[in-house]
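Below is one structure, written out as structure tokens, with a few remarks after it.
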Amino acid sequence: MVAIPRVAAARSLARQLARQSLRTTSFASAPVRIAIASTPLARSPSSFRSLSSSTRRSAAAAAAAAAAKATPAHDDSHTPMAVLTEADLGRLVRQRNVGISAHIDSGKTTLTERVLFYTGRIKDIHEVRGRDAVGAKMDHMELEREKGITIQSAATYCSWKATPPTEKASVSGDAANVESKELMEKKQDFHINIIDTPGHVDFTIEVERALRVLDGAVLVLCAVSGVQSQTITVDRQMRRYSVPRISFINKMDRAGANPWRVIGQIRNKLKMPAAAVQIPIGAEDDFNGVIDLIRWKAVYNEGHKGIDIRETDEIPAEYLELAKQKRAELIEQLAEVDDEMTEMFIEEREPTIEELAAAIRRTTIRCQFSPVFLGSAIKNKGVQAMLDGVCSYLPNPAEVPATAMDMSSAATKKAAEEAAQAAGEDQEAAAEARKNAAPPVLPLSPASEAPLVGLAFKLEEGKYGQLTYMRVYQGTLKRGNLIFNARTGKKVKVPRLVRMHSNDMEDVDEIGAGEICAMFGVECSSGDTFTDGTTQLSMTSMFVPEPVISLAITPEGKESQNFSRALNRFQKEDPTFRVHVDKESNETIISGMGELHLEIYVERMRREYNVPCTTGKPRVAFRETIEKKATFAYTHKKQTGGAGQFGRVMGYIEPMEVDPETGVDTAFDNRVVGGSIPNGYISACEKGFYDALEKGALSGHAVTGVRFVLEDGAAHSVDSSELAFRLATAGAFREAYQKANPVILEPKMTVEVVAPIEFQGAVIGALNQRKGTISDTEVREDEFTLTAEVSLNDMFGYSSQLRGLTQGKGEFSMEYKCHTPVMMNIQKEMHEAYRKKQTEKK
């Protein structure tokens, strides 16, 4: 085997420092699932003994912390039962919920097609773009097969007999892992739920809601292009929901394939510690197989479409030194993020296969490391090993913490009182704390007998009505059961329950905790929580980005009911697709994440609803904001004979940063004390503030990034009303807005261009003409990748220009980054145009 690399200097001092660090480091940061009433570890002493001593300490500490956190927040009547039975454990440890995500054209759907073939879910392999008149199974929409891209995420499930990292027992080392030695001594059947997601940034909401409900992910990267713009977006989404991932470097057969450069990009661009668990045997056209660095075997795909695996202990001589070097690198990377591996490294002790595999699993589940697999999906190589990695290193549903807010009146009241007490004797602070107190958060357990808790994460219009995709986090969902929508309070019967296999369905009678399913006939919205009615729990929904582009749409001929029906359906399915009617022009305006996003919906209206439409020129989603604080003291007073209108408000507005978790960037803050404004008028003030945000004074676009603080005011016993205070607040905002240095914001895009090296100068020149700022350039043998920041308003027509500049050989992608102030000359032009337009109306 391979010798551990020696530490350079000061060996004895390094040992002392490392041991001191080990003694003071806590393992409680590892994701640990604890059952409240009875932990699986407490009821499985044999499994508990099989864990390392440090893991036992970690489990005990985590159990105590979880109990301490859960107990005071709520009373026993609101505590969900969370007893995991042996049957639950046996089912959960062999289950994985994973998503396959990547930049566009990295080979996600091609990879998923091979996964379905090797697991026996499909009888033959079909390619993307419908080259064989069939098309990939997961791209079931006609538009997807025509364009060769995934537009909607698609769910499926399969079973896989996984080869463990070692033929001997593999102890996980994670407190929540209850997989016994017997389980790992031979191949075991794993049940895998898979969601194949789009790679185009315009459909990023599909990735967002998939990752919200998944326990792990496969991040696919191209061996040539490496980390690209959408790869960075997907990485950010995975971090938002703490989703562990393994990495799969695809297209190892392509000219210019360089997995080591890609691994370097994972570490440097994504800031994720990573190392290969395989090295390639050959490259490009000669890519032949891989060497497993953990089991120390050469692995080859043979037989019909690579279905047979041949393994040998004979490592090709020309790859032996590289294999030793990369295995040492793997150990070094793990030693940087795992304390047990650090201790072995310092002591110069070679880890066993079991210890190495356990360290990979431990650090992967903690989102501290990503093992990297290699292969070529199109050449049917390396896919089975990646599947083994999914089963070996990604968590089961019991190992991923899930929580829900207790919205019961008793729990929320108790939380409010505790927050008020913590604020001290200051009555104003106590009232504010009571108002802003968050509901208590309870841990969920994937126990089949626990009260049902599930999250609806995706809606589709099916042949038999609305199809609602749901992840069951706790309890059991059964066909015919009554379930309760936590948002609306309505109860509904589940008439039909199915498992999805792309667009095919398999009827089932029940779905257990940790599973993904779909329901027919259940009206709801994306992000709704469902329970069995015995609890009042609600889960947090997913992050929804704001649209960045709009266009006017008009049906050809007479407007029909189908036009409205299509728009309503698309809005319900896709939270990033928005529709409104412009009050001035009376035009129907659709908004989305990009030109392709809106183009797809316009085409779907024609095909699915027989409503051809004409569209106007795309409009950029400009916004307005303020740059400094400004005070207001505004009185709305109107006398018309009889009861008049009177309302006085005082306070200030100030800039507000966007909340990275929720995306919220506007807020109304009531700090009125003493009843100077009666409580009944406060909600009217809030409505007036949000009325004023709809149109800014500079360009008529929506105002964002503002906090409105209401401090004082006055009311009249006869003339004051809700309308008076609503108008007073809107007037106060407009008055303060002019003093707060308002600016117009425009969407800034991160643009990535890939083209042959001979066109580099022309591409850079074109982006400079569009006022782009180049942030990164990477040159390879015969092509280059250029990253720049360009205003969306300057990107219209770029696709045609790039084709002309590169003779059709260049391609680009762009992703929304942020809104930034426009240049002052542009702001003046936009302001003058808006003023002129307003004057003409009068």
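Residue numbers in this text run from 1 along the chain shown.
A Cβ is built for glycine as well, from the same backbone N, Cα and C atoms used for every other residue.
The structure displayed is predicted, hence computed values, not measured ones.
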Range among 243-262, 423-442, 663-682, 683-702 that Swiss-Prot annotates as region 'Disordered': 423-442
Same-chain residues at least 6 apart in sequence whose Cβ lies under 8 Å from Lys108 (GTP binding site): Ile100, Ser101, Ala102, Thr150, Asp196, Thr197, Gly199, Val220
Whole-number mean of pLDDT values that fall within the domain 'tr-type G' (93-398): 86
Per DSSP, three-state class assigned to Ala102 (GTP binding site): strand
Helix, strand and coil totals (DSSP H, G, I; E, B; other) for the region 'Disordered' (423-442): 10 helix, 2 strand, 8 coil
Around the Cβ of Asp105 (GTP binding site), the count of other Cβ atoms that are within 10 Å: 21
Secondary-structure category, per DSSP, in which Met252 (GTP binding site) falls: coil
Cβ-Cβ neighbours of Met252 (GTP binding site) (radius 10 Å): 25
Neighbour tally for His200 (GTP binding site), based on other Cβ positions within 10 Å of its Cβ: 23
DSSP three-state assignment (helix, strand or coil) for Lys108 (GTP binding site): helix
